[in-house]
Structures are given as C-alpha cells and as structure tokens.
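Asks: Below are the structure tokens for one structure; questions will follow.
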Amino acid sequence: MSASAESTNATPYGTLPPTAAASARKPISLPRLLEMHARGEKLTMLTAYDATFAAVADAAGVECILVGDSLGMVCQGLSSTMGVTLQAMCYHIESVARGLRRAQATAWLIGDLPYGSYHESREQALRSAAALMQAGSHMVKLEGGGWTADTVRFLVERGIPVCAHLGLTPQTVHALGGYRVQGKTQESAALMKRQAHELQDAGAALLVLEMVPAALAAELTRELTHCATIGIGAGKDTAGQVLVLHDMLGINLGKMPKFVRNFMTGAPGVKEAMQAYVAAVKNGSFPDNTQHAW
C-alpha cells in the first residue's frame with residue numbers, strides 16, 4: 001500500500017476521510033463524538049456481544065459499540081428482547097469490555113438497560129445503570145419517550161451518560177402493535193418531536209431513532225442542537241447509523257429488515273465487511289433512502 005493510501009485509511013470497499021482515520025486512532029469520548037457530529041462527520045455504531053467481534057469492530061474503525069438487548073434474539077434464541085435480564089447484559093458487557101481492553105481499543109461502549117430494569121423508579125434505574133457501568137459501559141441506553149426524561153436527568157446528574165431511543169422501541173413492541181414504522185401521522189410525528197426535545201433537555205447526548213420516516217428523522221437531526229441522532233431504518237440524514245452485527249453480516253435465518261445491507265457480500269472477511277460499513281456511512285452511500293428507509 002502506498003503512503004498516500006495509508007494516510008487516508010483506504011479499504012478495499014472505500015476510503016475513510018482523514019478525519020475518520022484520525023478518530024479511529026484516538027480514544028473516543030462523548031465530547032469527541034459530539035465534536036465529530038458538530039463538524040459534520042457521520043458517526044458509526046454496531047452491536048457486539050463478545051470480546052472478539054467487539055475488538056474486530058474497533059479495528060475496523062467503528063466508533064461506538066452497543067451491547068444491545070438484541071442479544072436476547074441473536075444470542076439467546078428469545079423471540080423478543082423482553083426476556084433479557086440485567087445479569088445477562090452485565091455478562092456480555094464485561095466480555096466486550098475485556099476484549100476492547102485487550103485490543104487496546106478506542107471505541108465508545110454503550111450498554112442497553114433491559115426491560116424492567118428502569119421502569120419502577122429513578123432509584124431502580126440508577127442501580128441498574130451503575131451495574132452496567134461497573135461491568136464496563138461508558139454510557140447506558142434506555143427506550144421510551146417523555147416518561148423517561150426524569151430518569152435521564154437523574155442519571156446524567158449523577159455522571160452517567162445516557163443514550164435515548166425513540167421510534168420503534170422493541171421493549172414495547174406489543175403495545176406498538178408489532179415492528180412498524182413510527183411517526184407516520186402528523187400527530188405521532190409531533191409527539192416524537194416533543195419527546196426528543198424533552199430527552200435532549202434532560203441531558204441525553206445520543207438519541208437512537210428506529211424505523212422513523214426519513215423526513216422526520218432529518219428534521220429532528222436539524223432541530224436537536226446538543227444531542228446526536230443515530231438512525232436505524234431512519235434514513236441517511238441522521239448524525240450516525242447503527243446496525244445489529246448479525247444483520248449486517250447476513251447472519252439472519254428470517255426475513256432481512258428493509259433497512260439492512262449485507263456488507264459481507266463481496267467481502268473477504270468480517271473486518272473488511274465492517275470497514276465497508278464504516279466507509280459507506282461516512283461517505284453517505286448507506287443508507288440509501290430509496291431502498292433502506294420510509
């Protein structure tokens with residue numbers, strides 16, 4: 001490889017811009033993520049549930065690794081995320097954190113608060129969040145709208161960074177009537193906007209938007225001034241993107257979600273597939289609003 005190729009972090013599937021290459025070499029912190037967002041650089045996130053895949057994702061240039069409660073479906077064989085326990089989350093976060101430390105990785109590690117671990121009270125949420133942080137998380141993620149704002153504020157005031165989650169929230173999929181696009185009507189879009197601003201005002205620094213119309217997600221991304229949006233099935237104009245590891249590697253025995261691209265296609269290995277994902281998000285070729293969004 002030539003010196004110029006090395007300096008721009010070229011991969012077989014695209015070239016990361018110099019800012020992305022620099023970000024991959026330096027430890028990722030929350031201020032750093034928000035600085036990247038402020039200068040217009042797309043953020044990348046993937047799920048990982050074990051030490052090896054987490055280390056490979058970091059080596060591929062992924063800035064944020066999410067130990068999601070999706071592990072219930074892709075690792076434990078559950079039919080939904082609602083059966084995942086706090087103990088299981090801590091186990092997988094510990095595994096991922098060890099892998100990242102061993103690899104001297106730079107990625108920012110986020111852990112999902114599982115169903116039932118933060119619903120009872122702010123104090124319950126603090127105990128659960130503390131368990132995830134002690135397991136190795138840098139940030140916790142929780143699902144829900146305005147009712148979670150008080151909990152978000154309570155955690156942030158105690159030094160725990162929070163990622164919020166609106167749109168399709170898998171922990172409440174039964175109440176939503178299934179895995180459906182959220183925010184399609186004028187009323188539901190207005191509600192989501194209000195909730196997003198409430199969560200930002202409470203201190204949420206990141207906000208996952210799942211299965212949200214691309215136009216609404218773009219509008220929210222423009223409106224939120226100190227909270228970076230991370231899309232999954234929310235179009236290309238969010239501040240960043242996240243996919244479930246197994247989906248983007250094509251490891252799915254069922255129907256692949258519309259918003260997923262199989263990055264293993266044509267890739268010689270897992271790391272190269274992850275590099276292709278990072279490059280595609282950074283250069284704006286993924287997601288494609290005509291194929292992967294509503």
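Backbone N, Cα and C define each Cβ position, glycine as well.
Remember, it's a predicted structure, so these values are computed and weren't measured experimentally.
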Asks: Based on Swiss-Prot, name the residue from E35, E41, E143 that is recorded for the same Mg(2+) site as D69, D112.
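Replies: Between E35, E41, E143, Swiss-Prot records just one in the Mg(2+) site with D69, D112, namely E143.
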Asks: Among 1-21, 253-273, where does Swiss-Prot put the label region 'Disordered'?
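Replies: That would be 1-21, per the region 'Disordered' entry in Swiss-Prot.
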Asks: Could you tell me the C-alpha distance between D112 (Mg(2+) binding site) and K141 (3-methyl-2-oxobutanoate binding site) in angstrom, no decimals?
Replies: 5
Asks: Rounded to the nearest angstrom, how far is the Cα of D69 (Mg(2+) binding site) from the Cα of K141 (3-methyl-2-oxobutanoate binding site)?
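Replies: Rounded to the nearest whole number, the Cα-Cα distance is 10 Å.
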Asks: So which other residues, same chain and not among D69, D112, E143, have a Cβ within 8 Å of the centroid of the Cβ atoms at the Mg(2+) site?
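Replies: Once D69, D112, E143 are set aside, the remaining close residues are G68, S70, T81, V84, L113, P114, Y115, K141, L142, H165, P170, Q171.
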Asks: Between S70 (3-methyl-2-oxobutanoate binding site) and E143 (Mg(2+) binding site), what is the CA-CA distance rounded to a whole number of Å?
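Replies: About 13 Å separate the Cα atoms of these two residues.
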Asks: How many Å lie between the Cα of D69 (Mg(2+) binding site) and the Cα of E210 (active site, proton acceptor)?
Replies: 14
